[in-house]
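**Q** Take a look at the following structure, please.
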Amino acid sequence: MPKFDVSKSDLERLVGRSFSLEEWEDLVLYAKCELDDVWEENGKVYFKLDSKDTNRPDLWSAEGVARQIRWALGLQSGLPEYEVKESDVVVYVDEKLKNVRPYGVYAIVEGLNLDEDSLSQMIQLQEKVALTFGRRRREVAIGIFDFEKVKPPIYYRAAEKTEKFVPLGFEEELTLEEILEKHEKGIEYGHLIKDKPHYPLLVDSEGNVLSMPPIINSELTGRVTTETKKVFIDVTGWDLKKVMLALNVMVTALAERGGKIRSVKVIYKDFEIVTPDLTPKRFEVELNYIRKLSGLDLKDEEIKELLERMMYSVELEDGKAKLLYPAFRDDIMHARDVLEDVLIAYGYNNIEPEEPKLAVQGRGDPFKDFEDAIRDLMVGFGLQEIMTFNLTNKEVQFKKMNIPEEEIVEIANPVSQRWSALRKWLLPSLMEFLSNNTHEEYPQRIFEVGLATLIDESRETKTISEPKLAVALAGSEYTFTNAKEILDSLMRHLGVEYEIEETEHGSFISGRVGKVLVNGKEVGIIGEIHPQVLENWNIEVPVVAFEIFLRPLYQP
């Protein structure tokens, strides 16, 4: 969970009131945080706050925490409003970045009066959002620049690796390739773009480099100080919805400091957008749902008042609450999310405990013990366990694996297209893991025990989640034989007889792939990964793998 530092005096300045340490321990709960540490430095008291929600980047700064507390205490109510004025600034996005880092969104914030506290909060929020919400800059990276040194229009373009600029913290020019090799941030994040045909650059009309997303800003424009009055913010990534949210978080935090937000027109080949877009989002919830699940006998107006203290605009109509909520949030996906806000505003400590009416005695699931035994065997074979997400997308499951698209369980309203479906097999997740770790030493030997979700029309839910085991070995020395040795050892330890029958599969090399049969029924597949699949994942060493269903191997 994200942890971040704030000064007590800065928080109190933003809230508009002073509180004791004991009061602060309770107040930060409204912002889904806990007070993790307190210390004094140079006569100032500092808090380390531990956020308990990875889906609320708007709460990872002094500005966000203070804003939430002001509303929770009733100092302000309803939907926060932020004015966005137009500017004449335009950013042109190069189509060549489509497979490099396709999306960039931008904003200007002027009228800033930064001091050491507000400057450190801005930089800390930038880093926390990119690190956690942006998955170590893979999905979101943020740049902040002194706009007085920028000459619009601005171009987000594909650059040759031999182009040069002076990166932040350096005095001499480096080529883009040299930055990845010599600069601290290039070494840390270079794997995100190293294998791309072009590198992304953000430049102004005079050719001055602002940044090399997602690696490093330039020394010329990327150094922001307490003297800076006007900043230009860029957010780049792979998902337009996600980078838009990150931009909204940044600009509204600065607006809490008195900054004035100005929009930027962003021109792509096929469309144009104006950013930031702070249009409130809509949701609707049944009031009886709130009462039923909370167990609280709340009147309609009481629910309305509680929601307004959590920054909603509320209109009551026909037993429903029609809601508007701020554009810096994107975590409201179900009525339960609204219920959570009601309970936070009500106060969990104010809910009276009840004695459970049903006594049960629990025991472990024997099949879970079987899965744990599988894990122990894999570790004993010298493999490292990984745990990846059940959520994925069709490109990962099919296109990158060189197989035709099939029907899978898709999410109706995904937060991100990256997480728009449930996986039907695990091996693509292992390939993605290997792709993300090409900078690490080989050989790499990994496995995962996890669920695959399949469509089953005979069931009430039309789906079934099946436990599976997937194994992948990456290294120049690995062949089909190495994967089969592990499968042989596994089956021998389990006392299961099996055979391999030659087959064809687009993810594997023809003639080096077979289906795994137990009692004549297909339970999995094993083989050497096809070169096209390796290329799709930017993996330069051979990979052998197998994936099997676990239930057919289970003997109670």
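Glycine residues also receive a Cβ, built from the backbone N, Cα and C atoms like all the rest.
So Swiss-Prot says this about it:
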- 278-353: domain 'B5' (DOMAIN)
- D331, D337, E340, D341: Mg(2+) binding site (BINDING)
**Q** Can you count the other CB atoms that lie within 10 A of the CB of D331 (Mg(2+) binding site)?
**A** 17
**Q** Based on DSSP, tally up the residues of the domain 'B5' (278-353) by helix, strand and coil.
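**A** Tallying H, G and I as helix, E and B as strand, the rest coil: 32 helix, 17 strand, 27 coil.
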**Q** Taking the mean position of the Cβ atoms of D331, D337, E340, D341 as the Mg(2+) site, which residues outside that list, in the same chain, have a Cβ no more than 8 Å away, listed in sequence order?
**A** I332, R336, V338, L339
**Q** Across all the protein chains here, work out how many other Cβ atoms are within 10 Å of the Cβ of E340 (Mg(2+) binding site).
**A** 17
**Q** At a 10 Å cut-off from the C-beta of D337 (Mg(2+) binding site), count the other C-beta atoms across all protein chains.
**A** 15
**Q** Long-range neighbours only, meaning 6 or more apart in sequence with Cβ under 8 Å: which ones does D341 (Mg(2+) binding site) have?
**A** L306, L307, M310, Y312
**Q** How does the model score the domain 'B5' (278-353) in terms of mean pLDDT?
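**A** Taking every residue of the domain 'B5' (278-353) together, the mean pLDDT is 95.
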